[in-house]
Amino acid sequence: ALEPLSVGLAIGVASALTGYLSHPRFYCSYVECCPRAGQRLNATALKAQLDNRLFGQHLAKDVVLKAVLGFSNNPSPKKPLMLSLHGWAGTGKNFLSQILAEQVHPAGLRSKFVHLFLATLHFPHQDQVKLYKEQLQNWIRGNVSACPSSVFIFDEMDKMHPGVIDAIKPFLDYYEEVDGVSYRKAIFIFLSNAGGDLINKAALDFWTSGKRREDIQLKDLEPLLSVGVFNNKNSGLWHSSIIDRNLIDYFVPFLPLEQKHVKMCVRAEMSARGYAVDEKIVQAVADEMTYFPKEQKIYSDKGCKTVQAKLDIHEDL
């Protein structure tokens with residue numbers, strides 16, 4: 001028979017071990033956990049990621065950095081953070097949303113707290129809009145209940161059927177709770193090509209007038225975007241109550257990329273593949289891209305979208 005002292009010691013050790021294993025720091029080192037209340041983003045890390053991985057987008061970097069850090073540092077935000085990113089393909093919208101997701105949840109798009117919706121995949125049929133709205137509300141409600149700082153990314157907003165996205169309007173508004181759930185710590189991001197033409201025209205106007213690209217300010221583009229997207233039947237936000245209620249915190253413009261920015265993308269891709277940067281290959285890939293306007297050839301019409309594929313051709317070099 002075991003002595004009482006031995007039994008008591010064994011129980012004490014087991015109890016201590018159980019307590020240690022269940023401690024959040026230990027548990028969360030093996031299983032992904034939702035960030036603790038009051039946990040802030042690393043401002044230095046976020047800025048470094050934006051500087052090193054996003055090229056030619058001074059406006060987007062500045063706006064998103066300030067908006068996200070201000071939101072993260074606010075112990076009691078009045079509403080979720082809502083960002084709408086606009087610009088042509090290949091200008092960095094997806095890239096920025098991934099960087100932001102990784103800073104909130106280190107697993108990024110692989111995180112169970114980061115949710116990516118593609119309009120053509122998740123909401124393909126116009127006659128199913130009512131069903132999509134119900135499913136979307138249930139999905140967001142369930143995930144925010146599990147993790148208040150959930151991130152929701154809606155890609156291809158320009159292909160979203162009008163009305164679908166209005167389903168999330170109650171979650172974006174200035175409510176303390178909706179059906180017992182607070183959405184104030186969540187982040188919502190829209191990605192859209194809608195408004196790209198307006199942004200490109202404004203950028204070209206600056207270039208034509210001899211102004212520096214870096215002189216373009218948010219106030220030069222945001223009003224154009226909000227009105228243009230609201231009245232664009234192909235924007236997914238056409239006559240949306242989300243815009244009408246001013247629930248989008250920032251319309252973030254992504255400028256068309258010049259050849260020097262394409263070269264930055266090529267160098268970054270070569271480095272990511274472990275290659276030594278060869279400027280002859282960098283120039284060759286940049287030269288294979290197509291540019292607009294037809295006469296001046298200032299901006300890449302695909303941004304950096306096809307850099308990876310074009311670099312594959314030169315791998316043997």
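Counting starts with 1 at the first residue shown.
Each residue, glycine too, has its Cβ placed from N, Cα and C.
Feature annotations, reproduced from TrEMBL:
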type    : residues                                               : note
BINDING : GLY87, TRP88, ALA89, GLY90, THR91, GLY92, LYS93, ASN94 : ATP binding site
DOMAIN  : 257-312                                                : domain 'Torsin-1A C-terminal'
Exercise for the section: Look at the binding-site residues THR91, ASN94 and tell me which residue has the greatest number of other C-beta atoms within 10 angstroms of its C-beta. Expected result: THR91
Problem - Cβ contacts of GLY90 (ATP binding site) (under 8 Å, same chain, 6 or more positions away) - result: LEU257, SER300, LYS302, GLY303, CYS304, LYS305, THR306
Problem - Helix, strand and coil residues within the domain 'Torsin-1A C-terminal' (257-312) as assigned by DSSP - result: 30 helix, 5 strand, 21 coil
Exercise for the section: Measure the Cβ-based neighbour count of TRP88 (ATP binding site), defined as the other Cβ atoms within 10 Å of its Cβ. Expected result: 22
